[in-house]
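Student: Sharing the record's features from TrEMBL:
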type	residues	note
BINDING	Ser26, His27, Pro28, Asp29, Ala30, Gly31, Lys32, Thr33, Asp94, Thr95, Pro96, Gly97, His98	GTP binding site
DOMAIN	17-285	domain 'Tr-type G'
REGION	1-20	region 'Disordered'
Amino acid sequence: MTDRAPDSATDRPTGRPDRRTFAIISHPDAGKTTLTEKLLIAGGAIHMAGEVKARGAARRARSDWMKIEQQRGISVTSSVMTFDYDDITFNLLDTPGHEDFSEDTYRTLTAVDSAVMVIDAAKGIEPQTRKLFEVCRLRSVPIITFVNKIDREGRDTFELLDEIADQLQLDVCPMEWPVGMGGLFEGLYDLRGHRLLLPDAERRFSGHVEPVDGLDDPRLDSLVSGPALEKLREEAELAVGGYAGFDPVKYRNGDLTPVYFGSALKDFGVAELIDALRDLAPSPRPQPASPAPVDPDSPLVSGFIFKMQANMNPQHRDRVAFMRLCSGRFRRGMKLNQSGTGKPIAVHSPILFFAQSREVADEAWPGDIIGIPNHGTLRVGDTLSEGTGITFTGLPNFAPEILRRVQLVDPTKTKQLNKALDDLSQEGVVQVFRPSLGAAMIVGVVGQLQLEVLISRLEHEYKVDARLEPSPYQTARWIASDDAVVMKGFAADHRGAMASDHDGEPVFMAKDDWELGYVSQRNPAIRFTATKERV
Ligand code: G4P
């Protein structure tokens, strides 16, 4: 391919090995697990289809989080999967969906340099894809789209592309074009490299590629049926003329998505997707930080914690903190300073992730993820660095989608409860809101699993017996205004719906989306935001 994006592999100074750190975003059932598996097989990290699936199934089969955590060996290792391809190490970060959905899912997207958005060809954009996409957009994460399941009946290709463009407000650039779908599937045409990928009798890709001299090449007549060829020529011409050309800068800024097609199940288009990640997706980029962005080639080691894996044994506060390395060459045993406390932490037994196991890491580079076992000293959002005075920014809190009132079973335990909620909100397990009226604290999460984790940890670690009761509010937004008088008036008018978050910032709680829309429309001088940067 000719258009390697700027600042990719070739621009790195010698010494720092190249990485592609990415996540797959999709709605359940679009084929994320199958595609992950095929990527790992292509990279030689696993050898048999079914291995990732087996792990996912083992996880899903256990409903309560404690059991999940007892399988920590499984869940930790499948959080980050690593494979090598063409001298590049690919770090694939899992964004759990289904009932595992939590703020961690969102925050994981702050630790990647790019994402692959998998769409089911028959379904198009689905709600969870959209939600995850919005988080990518917050950080301008570049996205490659993979339209999966073209071996089955799907929707019209133009319709799918237009839906992506309209719903996500993105330019789309088809890089390939399917030659029919489902029963009429005859292959995949590479619009840029001018190659035809052909299926075998079972619609599987077994390596049959025919290079041609463009769509007018008469050789195509012998490779696909007459009607299919006619349709391909017509559609491809329209597509090339009608959609944006590939622009690496727009892609890097998250304004354009190159669209690939394939069938993860039948191995179609998987190698092309890896090539796209290799050629187009960015190497580790400078990361937003205060006082200045941190360049991956900066010699001092630095990184930030984006996820916490709670402990296997609730009696001991041991957990694994996931750190995204942003600069320098990390070596085992290094001392890194923790932002906030400024205290040095010796990282003696970091975990580097591989597809099948976790291994103690001797060294790691920007773009890699390291697991750091700790006893509760590290928190989500922390910066760890060899130097001092750097803080990575932009790790957000997300507006909760489920709110619950915390009710103590034994009212004498208020102090313990407050301490526990303080710790757990710092750690990123839940968000805690103190209502302006009433004594009971309100906790907010984006996924049900976080509530189960909360109750279980309150009971086991803090010996606090608490119940979660429905709250009259369903959603919350941080509010701000340039006009202090307006803010004060708004807070007074909506006293019953006001709360403050962990940092004392004002939050408006609404009974439903309709009310939120209504109130925000009537108060144009107030900004209602669904994310807030952690401080
Ligand atoms: P997820 O992780 O996004 O939830 O999806 P997963 O890979 O588990 O795939 C969901 C279902 O879609 C699976 O079928 C899987 O085999 C199927 N699938 C994935 N990719 C393709 C594809 O390219 N073409 C077709 N035709 N099917 C695909 P299932 O019946 O739910 O599971 P299984 O019994 O096949 O394991």
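Just so it is clear, glycine is given a Cβ too, placed from its N, Cα and C backbone atoms.
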Student: If you run the three-state DSSP split on Lys32 (GTP binding site), which class comes out?
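Tutor: The residue in question, Lys32 (GTP binding site), is helix (DSSP, three-state).
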Student: Let me know how many other Cβ atoms fall within 10 Å of the Cβ of Asp94 (GTP binding site).
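Tutor: Neighbour count, Cβ to Cβ under the 10 Å cut-off: 23.
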Student: Just going by other Cβ atoms within 10 Å, which of the binding-site residues Pro28, Pro96 has the emptiest spot?
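Tutor: Comparing Cβ neighbour counts within 10 Å for the binding-site residues Pro28, Pro96 gives Pro28.
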Student: Over the domain 'Tr-type G' (17-285), what is the model's average pLDDT?
Tutor: 87
